[in-house]
Amino acid sequence: VSFNYTEFKDDGSLILQGDAKIWTDGRLAMPTDPLVNNPKTTRSAGRALYATPVPIWDSATGNVASFVTSFNFLFVIRELKYTPTDGLVFFLAPVGTEIPSGSTGGFLGIFDGSNGFNQFVAVEFDSYHNIWDPKSLRSSHVGIDVNSIMSLKAVNWNRVSGSLEKATIIYDSQTNILSVVMTSQNGQITTIYGTIDLKTVLPEKVSVGFSATTGNPEREKHDIYSWSFTSTLKEPEEQA
């Protein structure tokens, strides 16, 4: 599977859920835009998923896909006097996934705190330090999450509000290593990696996309300007 959005269009190739919108200038906004449209809205969640399911492993062969995805995005704080909340995630989840009930704020639109079973692999770009986050982390951090809002691994993220960020996420199925490289417009670079066997966590086909949330009141907007994704799953060898 391979696709590349240099700008976003409302052409049906993305499934929008909750408070998400594609603007005419080509950006994908989640939430729609608290700075302009919803100044009094509290606790919002929006998601955007690629409409075509992505094969991530093959039960017949045991082969697992490798993938690389890159995207440019922007966080803007509504008012500097407020603490920014809450963040953006790139995630893989079962086909048909919906926004869980009660998953706004720190649950980032992917985690249902009332349900003991959550199925996803995610990279979070979090702007708020919640009680489940390690004390060593500052408010802004990048984490790798597997079926839990408590990160498998996390590192501090030196971000600046209004700075364009570029994230590249690579999964190598030979080593099971998921690596993340963040490059900020201000020159800061953030890296993190973790080991995940996708076939033990996810079904054979998944949805891929983004989720973003705000807290109470909405204090931050998240805009995505471009997104590319390429996955490679080795085909079964033909019998002679």
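Using N, Cα and C of the backbone, Cβ positions are placed for all residues, glycine too.
Under the heading N-linked glycosylation site, Swiss-Prot lists Asn4, citing sequence analysis as support. The secondary structure of Asn4 (N-linked glycosylation site), as reduced to three states from DSSP, is extended strand. For Asn4 (N-linked glycosylation site), the same-chain residues lying six or more positions away in sequence with a CB closer than 8 A to its CB are Trp227, Ser228, Phe229.
Look at His141 (Mn(2+) binding site): DSSP puts it in a strand. Residues or ranges marked as Mn(2+) binding site in Swiss-Prot (evidence: similarity to another entry): Glu124, Asp126, Asp133, His141.
Mapped onto three states, the DSSP output places Asp126 (Mn(2+) binding site) in strand. Here Swiss-Prot flags Asp126, Tyr128, Asn130, Asp133 as Ca(2+) binding site.
The Cβ of Glu124 (Mn(2+) binding site) lies under 8 Å from the Cβ of Gly87, Leu88, Val89, Leu108, His141, Val142, Gly143, Ile144, Asp145, Ser151, each of these being in the same chain and 6 or more residues away along the sequence.
Taking the Cβ of Asp126 (Mn(2+) binding site) as centre and 10 Å as the limit, one finds 26 other Cβ atoms among all the protein chains shown. The local packing around His141 (Mn(2+) binding site), expressed as other Cβ atoms within 10 Å of its Cβ over all shown chains, amounts to 25.
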